[in-house]
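Feature annotations, reproduced from TrEMBL:
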- 1-70: domain 'SRCR' (DOMAIN)
- CYS8-CYS69: disulfide bond (DISULFID)
- CYS39-CYS49: disulfide bond (DISULFID)
- 76-144: domain 'Ig-like' (DOMAIN)
- 288-310: transmembrane segment (TRANSMEM)
- 334-372: region 'Disordered' (REGION)
- 334-347: compositional bias 'Basic and acidic residues' (COMPBIAS)
- 348-366: compositional bias 'Polar residues' (COMPBIAS)
Amino acid sequence: MSDADVVCRQIGCGHAVSAPGSAHFGGGSGPIWLDNVGCTGQESALTHCSHPGFGENNCGHGEDASVICLGNLQKPEITLSPSSEVNWGEKVEITCTVSTEHIGGTFVLKNSQSSINMEKFSDHEAATFIFPKAVFSLNGSYFCEYYKKLPEQRTIYYPQGNTADLSVIVKLEKPSISLTSAHSMVIYSPVKISVPRGSAFSITCSTHSTFSDGFFYLIRPKKNITKSLQAFGHSIFYMAYFEFPEIDIEDSGEYACVYGINISSVSFNSLPSKSLQVTVIATSSSSVVAGVVSFLVIVLVLLVIGYWIWRKKWRVAEAMVQFSSKFQDKIKDTEDRSNGTIDERARTNQIYESQQHSNPVTTSSRVESERVPGDLAGRVCYELEPLVDP
């Protein structure tokens, strides 16, 4: 049957099912080139098997061999999960699948470097090989094989499957860059900041990563300057603070963060974060601006206060003018009334004196009759002005 397997494999019909003799399909014709052939079953062609030599035989066409082959067997297929490119430390699954009627066979996983040769029996048409943690030694090309053991110690070997490449990489996310400062003069913006000279602030680098024990690098691409700090954090979030106790003019420029790790003596770095533009403002400029602003504020306050005082004085002066005018009118009216009363008394006195000289007898009676008006006029004058009655 080993000879028959080689024949079936050579003509692309899989494995041999049987090898009936005595010219089962009829005798041949012409020269007999091979006789007494001995194959192991692993040869790819009949001529690779042992034999006495071409044309050396001691048989006739009535002894011609016959072979019944299984048919064209399908190659097993290979699948890599989660993908053909996996991150270092991730779980990797390689699945071999075959389409066959001969289930209950053995799958074989091999790589081109011959460092992997794993077998797994399956009662189904597939088998999965699991690698809990991907390491760099798993890099390479993989393929699947499948064979089925039959009775009579015969084995059906399926053709070797196609290859699939597995790459173990270290994939690091871009870190984030941000500013941390309590200084009141710092101006924040998405891509740039302005900081007064001599102030203190810090740049924060952070990232999400499954790789711990990494480093953050604060780089200045245009000046080829790099600072590094050990990352700290928990689980999958790590960060570092780059302190600037007293910033100076030479610290102006672009900054970016890079996260790096070291695995198996190999260094891996992420892509740089977005750039942060830092502009250092001279202290003198800041003082001048602050002084000008303060002066303008003071002038404005003084103007407001002066205007308020002027308005208050103007209103008081207007009220005094109105009061003085009314007061003078009142005094004038009082004087007019006083002068009229005095004239009336003088006229009355003159009449009284003339009557006294002309008629002394009637003087007393007239005096009595005119006393009431005289007293009334005197009382009116007294209320208006402190005069003495004659």
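The backbone N, Cα and C atoms fix where each Cβ goes, glycine too.
These figures come from a predicted structure and were not determined experimentally.
This view paints the features noted in TrEMBL onto the structure.
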{"residue": "CYS8", "record": "disulfide bond", "DSSP class": "helix"}
{"residue": "CYS39", "record": "disulfide bond", "DSSP class": "coil"}
{"residue": "CYS49", "record": "disulfide bond", "DSSP class": "coil"}
{"residue": "CYS69", "record": "disulfide bond", "DSSP class": "strand"}
**Asked** Near CYS8 (disulfide bond), which residues of its own chain have a C-beta under 8 A away, given they sit six or more steps off in sequence?
**Response** GLY14, HIS15, ALA16, VAL67, CYS69, LEU70
**Message:** Treating G and I as helix alongside H, and B as strand alongside E, what does DSSP give for the domain 'Ig-like' (76-144) in helix, strand and coil?
**Reply:** 3 helix, 38 strand, 28 coil
**Item:** Which same-chain residues, if any, lie at least 6 apart from CYS39 (disulfide bond) yet have Cβ under 8 Å of it
**Value:** SER2, ASP3, ASP5, VAL6, LEU46, HIS48, CYS49, SER50
